[in-house]
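Enquirer: I grabbed these lines from TrEMBL:
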DOMAIN    1-64  domain 'PDZ'
REPEAT    229-263  repeat 'PPR'
REPEAT    264-298  repeat 'PPR'
REPEAT    299-336  repeat 'PPR'
REPEAT    372-406  repeat 'PPR'
REPEAT    407-441  repeat 'PPR'
REPEAT    442-476  repeat 'PPR'
REPEAT    477-511  repeat 'PPR'
Amino acid sequence: LLHEFEVELHQPLGLVLRQLPSSKTPATAASAAGVEVADVSEGGSAFASGVVRAGDLVVATSGTVGDALWQKSNLEGVLSSISTRLALQPSVRLRLQRKHMLGPWASELFQIARGERSASLSPAARTSLRMQRRDLSRGVLTGDDVLDAIRDLAVEAMLSTGRRRPNQQARRYAEGVQLERILRRLRGCRIPLNPRLTTSGMSAALRVSEPALAIAFFDQLHADGGKADTTVYTTLIKTYAAAGRVSEALAVEQRMNAEQVPLSVLSYNTLMAVCARAGDRRGMLDYFEAITEKGLRPTVSSWNVVLNFCAKLPAKRSLVQTESILRRMRERGVAPDAVSYTAHASACISSDDFEGLERIMLTVEEEDVKPDTVLLNTLLSGFAKSRRWQPAISILSAWAEKGVQTDATSYAHALRACVNARVPSAATKVVRQIKEAGFRPDARVYSMLLSAYAKAGKLRASLTILRQMRTEGVRPSGHIYAGLMEACLVVDRPQTAIELFEQMKAQGIAADVVSYTLLIR
């Protein structure tokens, strides 16, 4: 990493300069490699400056008069310029160049951040990191290139924070501690934050549910003398909203205007989302209109904020509103996406318009919209509620083949649709799909499957499921035994139901109200 800086010196300079050896290649003649500072003597202005060190290269000097600097590449030219300048002026300005080499820790951290290496440094890398941290703290390791390189490493380390298994509380806490440590070390090494590093730190803190830490990154940027840009301020809006500080989130707009930082469409979208979550319909629409007033164009994300707000309105009203917004989007040349149709599907479900869910399926296909897991699960939840097992099975298979990521919730909704419709054969097919997808059916899944067979009066099949659970190491729950008891009553086998109840108690499974009610029956 190369760092150039300038220094003003007066007599005596206290510098010992030397010509570096010429470099020769087969294709060229000898050429001067530059003039190096061989030594810095105490008592000279170079030593007093505290910035000139042995090994620095002199790349330019002051001219005889004026402030312009002239490039020099040989010792004779440098000495001549310095002596001529000092004969006429009290000081001379030098431009120096310093080369820094980051230790092996830098490359290893870069590999770790990119997932190319396990998250641990080698002993040699740890040693070099400790040494160079001391150099940074003492100001020995300096220069914009050095600072930028270390900032880039910090950004790379932050990019993966909060993206792995976000639902694990312990993992989030550990990553929050790591982020705080990064910020503390940046302070300790006197590395000022820039907008890119600040945004990365704030975003990572939000991903691990630490808005206070995100605010600390923002405050540090200002403490370091930096200025927030549009992206930083937009992230600050999200941060205050995540912390529940709605008024402060909305006040960021005034701060941006005062500092003449332009708001982007994303900034307005974020402000809209803050208002929407607070139930402020008027505020949300005002920010939506401001996008156009500022000469910008609302994006599909802008419209989706309004759609999601309307989807949460009372039943029939939500459906009318989302249909109207989708129509206006198309009229203005904005194509709805998966998020748009997820909001509309939610409105259909709350309004009991289950035919609307199948229309959404067809529209997504006709408009070549790329569906996602959230849209899939929303449609499946509606099919489960309305007992529409056939479209549930169909969309689950068709969209999985298209590459839509299915999860345990997807299969649970499809299974519930089959159970509610009392189609045990279809429920069995879904359980088979669960296994093929790499998921392990748990007691909840088997409870729903058994319920489908029990309600259909298929006792033998229900008992087969119980044996299958035991074979797979899944411990039956009280719901499982309740389902089996219900199957016994459907086929008029009360004695078998009593035996199952006793078996459940013998296994230490607590009986609930449902089990006792079935026992009374």
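Cβ atoms here come from the backbone N, Cα and C positions, even for glycine.
Unlike curated records, TrEMBL annotations are generated automatically.
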Enquirer: Which bits of the chain, at least 6 residues beyond where the repeat 'PPR' (477-511) starts or stops, bring a Cβ under 8 A of a Cβ in it?
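Expert: Residues packing against the repeat 'PPR' (477-511) from afar: 443-444, 446-447, 450-451, 453-459, 462-463, 466, 469, 518-519, 521.
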Enquirer: Under an 8 Å Cβ to Cβ limit, what residues of the same chain, 6 or more beyond the ends of the repeat 'PPR' (442-476), are close to it?
Expert: 411-412, 415-416, 418-419, 422-424, 427-428, 431, 434, 483-484, 486-488, 490-491, 493, 496, 504, 507, 509
Enquirer: Under an 8 Å Cβ to Cβ limit, what residues of the same chain, 6 or more beyond the ends of the repeat 'PPR' (407-441), are close to it?
Expert: 373, 376-377, 380-381, 383-385, 387-389, 392-393, 396-397, 400, 448-449, 451-453, 455-456, 458, 461, 472, 474
Enquirer: Take the repeat 'PPR' (442-476) and average the pLDDT across it for me.
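Expert: Here the mean pLDDT over the repeat 'PPR' (442-476) amounts to 82.
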